[in-house]
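S.K.: These came from TrEMBL, pasted as-is:
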type: TRANSMEM; residues: 40-61; note: transmembrane segment
type: TRANSMEM; residues: 68-92; note: transmembrane segment
type: TRANSMEM; residues: 98-115; note: transmembrane segment
type: TRANSMEM; residues: 203-225; note: transmembrane segment
type: TRANSMEM; residues: 268-288; note: transmembrane segment
type: TRANSMEM; residues: 300-331; note: transmembrane segment
type: TRANSMEM; residues: 351-371; note: transmembrane segment
type: TRANSMEM; residues: 410-438; note: transmembrane segment
type: TRANSMEM; residues: 450-468; note: transmembrane segment
type: REGION; residues: 474-501; note: region 'Disordered'
type: COMPBIAS; residues: 475-490; note: compositional bias 'Basic and acidic residues'
type: TRANSMEM; residues: 525-544; note: transmembrane segment
type: DOMAIN; residues: 587-637; note: domain 'Cationic amino acid transporter C-terminal'
type: TRANSMEM; residues: 589-608; note: transmembrane segment
type: TRANSMEM; residues: 614-632; note: transmembrane segment
């Protein structure tokens, strides 16, 4: 009985960590020259300068940061930079480019890939709902806010406290329009806009990219022309005058302590966590184009750093212009970039900005929805989600598609007749529509930023673990060294001296590894030491809840914090002493494991700044995901030894 139980548990554990094989290489193209660093920077900026700038700044500046939002962006940008460098190494270790989900499946195993993909799916769904609400608010402001006033007057008393003040039917209709179809038997002309699968259009891509640059440049220049430095030095008297004259035109926020940092240091960290989404998009540099660069070991990390720096400068300029043109407590939450022009008397500019912003948000919405549908299709094709979500009508011919979007360059190489993954569009699209209808805009922004931080933390953790693991196809030399390493443990001695010898061998392998290359034992040591993430979480909680007591010398809390720091330092040194994988990669993150320690601590500490409601929503989503995985996915998923052919298409996002 115990043998059968042990065999079952062993098989169960093997399913959790089995990896997905790579079936084929990315086809090379000899017609186009390899991209240089500048080309990669342009791709990165195309990915980063999306909807995040248009939807995040208002809420952070009004309720969390005030004019100090520029400092929040700096903290978020530095945190993203560390994670971005880790992502470069993680993607470089895979033979062909792919999504974070695909890379995790190939390198870390099935359960880790499911957690990564499931959270990425929530991030995309939340982003769609958030952008749809922002689009709805901007459109409503153009027609005098008649829609919101009517809905709020009708439904405000019937909504629960954890939902929005009124249902956003306009956002619901927008998402359903982009995803829906009239029936399973309908032709492609009758399907929703996303199901139509608009193919590559270089002209459309260039038009929206240029429009985005023009809109952001106009906002920054307007801030220099019409901005007032007094809005960075507001007092209680200014707030009183604003409250008396605001009426129904503006929703008045809090003053805080006034000045440049009205909500203190705690507000800076909370705002930085929310601003994290503004820097998402560096993955486009690494995936397809970065690997084709003539000098990828320098081009990819340099392009990531330059792109993030330019993105920070743009976000800095837009945030500074916004808070200079209008007092932070008068900023409109969902459409912050239109209100300043009304406030300074440029009413005509409001309509120009509205048309440009609506177009950019709509294009971003379509881009994210396409990526969401392909991620859903990939997970369903792998069996981690219900296979019905991967259903494709077989009425179209085989073809190759290249799609350029604001968020990604998506390359689809079809190997069999295929069509549109209808269910992969409809199911998550409908969920996004419901969230856009019922959820509060601020909750959506917080949840979206939380998922970004979590995804970057998973990437950083993967890099740490994989750097210290032996090669999957180890050489004879590696196996010989591993056998030599484990041999002393088998050799016996007196019975009473065996525990001491075992302890001695363990301590010796921790501080003085016998091998210069990773072995199975050294990899297991790093796996175990990676639990320092738990120590970082505990330390972050203590600093978040009782920071003043810790730094003021409270005997209990200060002692606990110091002990945690000592444990974290000791575990980090143990990881540092283990041999690293000598495989040649286009790029390797420097200063590992110290960079992992700093990056993970920053990500975790920023995640803790999120509200209890955000953590509860995340917990519910993960509970649903684990129920799907352990109830269905683990039994129907593809394993490393599975001979099933690859999916009909491979989507690079």
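Yeah, the Cβs are placed from backbone N, Cα and C, and that goes for glycine too.
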S.K.: Please give the average pLDDT for the domain 'Cationic amino acid transporter C-terminal' (587-637) in this predicted model.
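M.R.: Here the mean pLDDT over the domain 'Cationic amino acid transporter C-terminal' (587-637) amounts to 90.
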S.K.: So which of 40-61, 68-92, 203-225, 351-371 has the most C-beta pairs under 8 Å when paired with the transmembrane segment (450-468)?
M.R.: 68-92
S.K.: Do at least three C-beta pairs under 8 angstroms join the transmembrane segment (614-632) to the transmembrane segment (525-544), pairs 6 or more apart in sequence?
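M.R.: The transmembrane segment (525-544) and the transmembrane segment (614-632): touching, no.
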S.K.: If contact means at least 3 Cβ pairs within less than 8 Å, sequence distance 6 or more, would you call the transmembrane segment (589-608) and the transmembrane segment (268-288) in contact?
M.R.: yes
S.K.: If I count Cβ-Cβ pairs under 8 A between the transmembrane segment (68-92) and each of 40-61, 203-225, 525-544, which range comes out on top?
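M.R.: Per the Cβ under 8 Å count, 40-61.
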S.K.: Helix, strand, coil: count each for the residues of the domain 'Cationic amino acid transporter C-terminal' (587-637), based on DSSP.
M.R.: 40 helix, 0 strand, 11 coil
S.K.: Considering only Cβ pairs under 8 Å, which range in 40-61, 268-288, 300-331 makes the most contacts with the transmembrane segment (351-371)?
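M.R.: Answer is 40-61, with the largest number of Cβ pairs below 8 Å.
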